[in-house]
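Taken from TrEMBL, the feature domain 'Manganese/iron superoxide dismutase N-terminal' covers 25-106. Taken from TrEMBL, the feature Mn(2+) binding site applies to 50, 98, 183, 187. Look at TrEMBL and you will find 113-216 tagged as domain 'Manganese/iron superoxide dismutase C-terminal'.
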């Protein structure tokens with residue numbers, strides 16, 4: 001947390017050094033399975049590059065941006081704070097999104113969800129087949145790079161499908177609580193599926209970890 005006082009002489013917001021609480025740096029989370037565990041649906045080379053290179057880069061760049069932001073806060077430099085927002089959004093979103101994505105996948109995944117989540121899907125989309133078709137279509141339709149999401153609208157108490165551009169995090173940009181994210185950046189599939197994104201999307205349903213998605217749904221309903 002940060003606290004500030006206003007300097008009468010300069011009119012700037014400044015932070016006493018003792019107020020800048022030291023923070024833990026973000027780290028790359030371990031995968032809950034081996035790089036090759038999702039084959040043949042997502043191959044080991046993609047998983048290794050995606051996790052150890054792409055996600056790691058978001059983590060490193062987020063730490064750098066936060067350090068610069070901390071310095072800007074200490075100096076009361078609002079211009080620098082504003083200029084750092086895109087880097088925080090992109091790298092912070094990349095870290096948030098991928099941390100969810102790895103847990104949304106499982107070598108024991110696929111099939112259909114059970115219990116409350118399945119009831120909610122039927123209530124809000126008519127059937128599981130309809131839901132699957134809609135999320136696939138939204139994900140295929142993302143222009144350039146981005147994500148397809150199943151999210152929970154807490155205010156309305158219902159499930160919603162949304163697409164986010166680039167690494168925009170779902171909750172931070174739409175208010176929806178993320179339950180299931182599908183990464184449609186080319187680095188998530190190109191080595192295996194080339195430019196045929198629909199083939200990748202057809203395959204990924206075989207490794208969706210419905211236990212994880214259900215657990216997220218149960219947590220956000222509390």
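Backbone N, Cα and C define each Cβ position, glycine as well.
TrEMBL annotations: computationally assigned, not manually curated.
Positions of TrEMBL features highlighted on the structure.
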residue : record              : CB count, 10 Å
50      : Mn(2+) binding site : 23
98      : Mn(2+) binding site : 23
183     : Mn(2+) binding site : 25
187     : Mn(2+) binding site : 13
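Helix, strand and coil counts under DSSP for the domain 'Manganese/iron superoxide dismutase N-terminal' (25-106) come to 58 helix, 1 strand, 23 coil.
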